[in-house]
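**Student:** Here it is, the structure in full.
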């Protein structure tokens, strides 16, 4: 019998570092009050989805988000964590102002302003390579390591679950994964509390939707 899975890839709620526009990868801060309220609304919007399992990254913000969503579920759902679906590491730039980070990236690629850099469709491999090149502490992950852990993590989740599965992860991680399983090279920035749905059957992933805020909006009514 074919086992089909739909992954509800959910970006965590707004955090303190998100709100202050600082780089946040492996660094972690709690959800803001606004972030918590947004995820509570998301949970209400997802209330009628019969999740069989919930999996979050091991980062506190992802676990907090998953717990808030699951509180709105009518039944108790198993909640697991997987370090492979955590956010990219930004090495020694964790906590840096995003404006400073983008300017450093721009200069590394020979541009004067961040706007010039952001106008280009840099690949995920190029972004990862830039992080590694600029990270003087050598804490950042090489692209090959990032790609393998994310693909392994998401594939394991899909293979070991059934039905509809809540997966709480991170903006760059989710977008990168979507690019790996589709023909699109790059995806737009995903909003906090957005849901991107992926279908899995017979070893194949299919992207169903990206950056969907309708569940959050439904729960806000």
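Cβ atoms here come from the backbone N, Cα and C positions, even for glycine.
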**Student:** Check TrEMBL: it lists 11, 12, 13, 14, 15, 16, 17, 18 as binding substrate. Then name which of 61, 84 it lists for that same site.
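**Tutor:** That substrate site, as TrEMBL gives it, pairs 11, 12, 13, 14, 15, 16, 17, 18 with 61.
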**Student:** Does DSSP put residue 61 (substrate binding site) in a helix, in a strand, or in coil?
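**Tutor:** Assignment for residue 61 (substrate binding site) reads helix.
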**Student:** If you count CB neighbours within 10 Å, which one among the recorded positions 13, 15, 17, 61, 87 has the smallest count?
**Tutor:** 17
**Student:** Which chain neighbours of the substrate site, leaving out 11, 12, 13, 14, 15, 16, 17, 18, 61, have a Cβ atom within 8 Å of the mean position of the site's Cβ atoms?
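**Tutor:** Filtered neighbour residues, in order: 19, 24, 29, 31, 32, 35, 192.
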**Student:** Give the three-state DSSP assignment (helix, strand or coil) for residue 15 (substrate binding site).
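**Tutor:** Where residue 15 (substrate binding site) sits, the three-state DSSP reduction gives strand.
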**Student:** Express the distance between the Cα positions of residue 61 (substrate binding site) and residue 12 (active site, tele-phosphohistidine intermediate) as a whole number of Å.
**Tutor:** 6
**Student:** Using a Cβ-Cβ cut-off under 8 angstroms and a sequence gap of six or more, which residues of the chain neighbour residue 11 (substrate binding site)?
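**Tutor:** Listed in sequence order, they are 168, 169, 170, 171, 174, 190, 191, 192, 193, 194.
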